[in-house]
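What Swiss-Prot says about this protein:
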SIGNAL    1-21  signal peptide
DISULFID  Cys38-Cys99  disulfide bond
DISULFID  Cys54-Cys141  disulfide bond
BINDING   Tyr55, Gly57, Gly59, Asp76  Ca(2+) binding site
DISULFID  Cys56-Cys72  disulfide bond
DISULFID  Cys71-Cys127  disulfide bond
ACT_SITE  His75  active site
DISULFID  Cys78-Cys120  disulfide bond
DISULFID  Cys88-Cys113  disulfide bond
DISULFID  Cys106-Cys118  disulfide bond
ACT_SITE  Asp121  active site
Amino acid sequence: MNPAHLLVLAAVCISLSGASSIAPQPLNLIQFGNMIQCTIPGSSPLLDYADYGCYCGRGGSGTPVDKLDRCCQAHDKCYTDAYRFYRCWPFLTLYSHTCSNRKVICRGNTTKCKAFVCNCDRVAANCFAKAPYNKRNYNNCK
């Protein structure tokens with residue numbers, strides 16, 4: 001093998017070894033965002049809920065700051081249960097749902113994991129729609 005081929009092979013191996021340490025990105029957040037937009041038309045889920053209170057967004061700890069934050073806490077627990085009961089990865093689980101008249105319907109999900117995760121997101125989206133949004137709680141875990 002000539003030196004140029006070895007150099008390319010080494011670069012590919014180094015790139016792949018670095019890529020293996022990158023955490024997978026949540027694939028179903030787009031679906032969850034679509035559900036929120038179904039129940040709260042005109043909302044911007046990624047902007048509005050990515051860092052709200054103590055539980056909306058990545059991680060979660062402490063005491064929820066309000067009803068909306070409790071929705072996120074319950075959603076986090078639901079995702080934990082999805083893994084515990086079905087050994088599925090909620091952030092990577094893609095499912096089927098429809099939206100009609102601000103109502104989300106989970107349907108056509110062929111595995112218990114997909115059905116469970118879809119229901120986690122559906123319940124959370126409905127909870128968000130019933131909870132007041134307090135701008136003071138964005139980026140604020142008391």
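Each residue, glycine too, has its Cβ placed from N, Cα and C.
What you are looking at is a predicted structure, and each value in this text was computed from that prediction instead of being measured.
Taking CA atoms as the reference points, Cys106 (disulfide bond) and Asp76 (Ca(2+) binding site) are 19 Å apart. Among the disulfide-bonded residues Cys54, Cys99, Cys113, Cys127, not one has a Cα within 10 Å of the Cα of Asp76 (Ca(2+) binding site). For Cys38 (disulfide bond) paired with Gly57 (Ca(2+) binding site), the C-alpha to C-alpha distance reads 19 Å.
Counting Cβ atoms from all protein chains shown, Cys141 (disulfide bond) has 19 others lying within 10 Å of its own Cβ. Its Cβ taken as reference, Cys54 (disulfide bond) is surrounded by 21 other Cβ atoms within 10 Å in the chains shown. Listed in chain order, the extra residues whose Cβ falls within 8 Å of the Cβ center of the Ca(2+) site residues Tyr55, Gly57, Gly59, Asp76 are Cys54, Cys56, Arg58, Gly60, Ser61, Cys72, Gln73.
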